[in-house]
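Asker: Relevant sequence annotations retrieved from TrEMBL are reproduced here:
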{"type": "ACT_SITE", "residues": "K136", "note": "active site, charge relay system"}
{"type": "ACT_SITE", "residues": "S211", "note": "active site, charge relay system"}
{"type": "ACT_SITE", "residues": "S235", "note": "active site, acyl-ester intermediate"}
{"type": "BINDING", "residues": "L185, S211, I232, G233, G234, S235", "note": "substrate binding site"}
{"type": "DOMAIN", "residues": "97-568", "note": "domain 'Amidase'"}
Amino acid sequence: TSAALTLLGGSVATLAVWKWLGKKMIQKKMEEARRTRDEGLKKMAKAVQQFREQVPSVQTDAILSLPLLELTARLREGSLSPRTVLYTYLEKVSALEVTQQTNCLRHFIPECEEQLQEIQQHEEKGLLYGIPVSIKDHIGHKGHLATCGLVQGLGTLMGEDSVLVKVLKKQGAIPFAMTNVPQSLFSYDCSNPIFGRTLNPFNPQKSPGGSSGGEGALIAGGGSILGIGSDIGGSIRLPSSFCGLCGLKPTAQRLRWVLALPCQPCSSSGLAKGTEFPCALGPMARDVDSLALCMKALLCQEMFQLDPTVPPIPFNEEVYSSHTPLRVGYYDTDGYCPLPPCMRRAVRDTRRALQAAGHQLVPFSPPRIPYVMTELFLKSLFADGGRAWLDVFTGDIVDPGLKPQVNSCKIPRLVKKLLALLLKPLQFLLLLLKLKDVAVISTCRSVKEMWNHHHQIQLYRSQFITLWKELHLDVVLCPVLGPAFTMGYPGKLLTAISSTMLYNVLNFPAGVVPVSTVTEADEEELKLYKGCCDDPWDRTLKQAVSGAVGMPVAVQCVALPWQEELCLRFMKEVETLSRDQ
């Protein structure tokens, strides 16, 4: 017996040492990654200093204030040089004005100087000639990591540029920075154990949104004029809402995704692998014209030749430039997640402005959002009970913001079912019930059940389009989640993303436009907010958005699949009217 106890004690001690060594190895990898990033920032600062010594008279503020369309015009006519513009933006970032305040940068791309030389040798100037562009962490760039905020993503450098980066370069753009993301991309906050937490440039107590939160913070902070994000549940639109930017989630197949990423969660966009909701790449910028120019540049022969699976549909300038009155469906609540008063006000104010401008406004009610949220969207992502997602954390430290979801996925399936049975009759903490998508949602237990689940998604899409067509709608105006949440709250309110999630399930193009800011009156009205039932979940949402006076308030604009130009045209109309107001 004593020998057995000794053996057991020795085994436990060995296991403890093994775990300790593993943790030390993880810490070492993370420290090395942070050191590499910091060295890159120092290189950037040194290059900027050398440029400043050579060209001391650059009007930095004047260049940084130029809208993208005006900047491209100046570059093409030669009144500004690509070198001056690049180093002006590098200075904004490397002076730590943006990075120190927000921690938005994951890595500086030193090859931007090579690309600068390359574009100056081009006979033909592309549509994005000389424009510095930032890209999200997991969009592949040759010689750089695609981490998804995970330690397992630190081991392998990309062997080649992704299709999207190749096309950007072909059009004369200069990718210069990769931006921070939440761990595994599965969050609309922006924090990971390797590179830390990204903050909102307007208020350091608030989140920039996610998962394209680094992009949101960098562009809103003035450190980039154009960025590329990705979206599978709102990851372009939520940072745009939280940071006061314009952002477009196209139909998922309109732009090429990424090539052969070394990190499995990146290549599958975390939970997206095998679901009916492919990840969409899209632009983020300060105005709608910038998004349209980016789409026009990307939807070119180079894109179609590099990836024949992308439909060869060039950008339709005629649709984008049209001034024909639109028939606009609208709603200010989806019946699932009651949004704060300021977000609903934004829809109402925009509706009145559109009506006054001659557009026809039609009430529209999206059908069965609770069913879509739990039975279609989250059941798809967690069809295997979250096992594939848990696998990406193997040999990693879980970010605190993700621990509730990770722990929920670890609960045995039988226990989850028992919890669902016990909690529902008691109406115990709606917070838990609204998180049933993670904690107690049913999974697809067979291939047949999975096929049936995919059929239900297609059926819902058909029913939604039928309803849209019956009302003869061109576009839809609706709310988006906001204003920016206080740090840490996105992890507590996973299912609050119903406003954006819907259009990933439908695979409709959807964009966000800032139209206002939170007023003192909005904050006073928030004190009366009760949500659905004034329960713990509703009170948590109220806490998340409080203290946001002056923060951006946005609306969402939606069109049918493959109608990105119409969606952008509608976004432009909303932007123009909100600026007039």
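Glycine residues also receive a Cβ, built from the backbone N, Cα and C atoms like all the rest.
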Asker: Name, in the order they occur in the sequence, the residues of the same chain whose CB lies under 8 A from the CB of G234 (substrate binding site) and which sit 6 or more residues away.
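Answerer: Result: Y188, K249, V480, L481, I497, S499, T500, M501, N504.
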Asker: Taking the residues L185, S211, I232, G233, G234, S235, which the record names as binding substrate, find the longest CA to CA distance and state it in Å to the nearest whole number.
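Answerer: Overall maximum Cα spacing for these binding residues reaches 11 Å.
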Asker: Spatial neighbours of S235 (active site, acyl-ester intermediate) among the recorded positions K136, L185, S211, defined as Cα within 10 A: which are they?
Answerer: L185, S211
Asker: Write out, in the order they occur in the sequence, the residues of the chain not among L185, S211, I232, G233, G234, S235 that have a C-beta within 8 Å of the mean position of the C-beta atoms of the recorded substrate site.
Answerer: F186, Y188, G210, S212, S230, D231, I236, L238, C279
Asker: How long is the line from the C-alpha of S211 (active site, charge relay system) to the C-alpha of L185 (substrate binding site), rounded to the nearest angstrom?
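Answerer: Counting only the Cα atoms, the answer is 5 Å.
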Asker: May I ask for the distance between G233 (substrate binding site) and K136 (active site, charge relay system), taken between their Cα atoms and rounded to an integer number of Å?
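Answerer: Here the two Cα atoms lie 16 Å apart.
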Asker: Using all protein chains in view, find how many other C-beta atoms are within 10 Å of the C-beta of G233 (substrate binding site).
Answerer: 29
Asker: If I take the alpha carbons of I232 (substrate binding site) and K136 (active site, charge relay system), what is the distance between them in whole Å?
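Answerer: Per the Cα atoms, I232 (substrate binding site) and K136 (active site, charge relay system) stand 14 Å apart.
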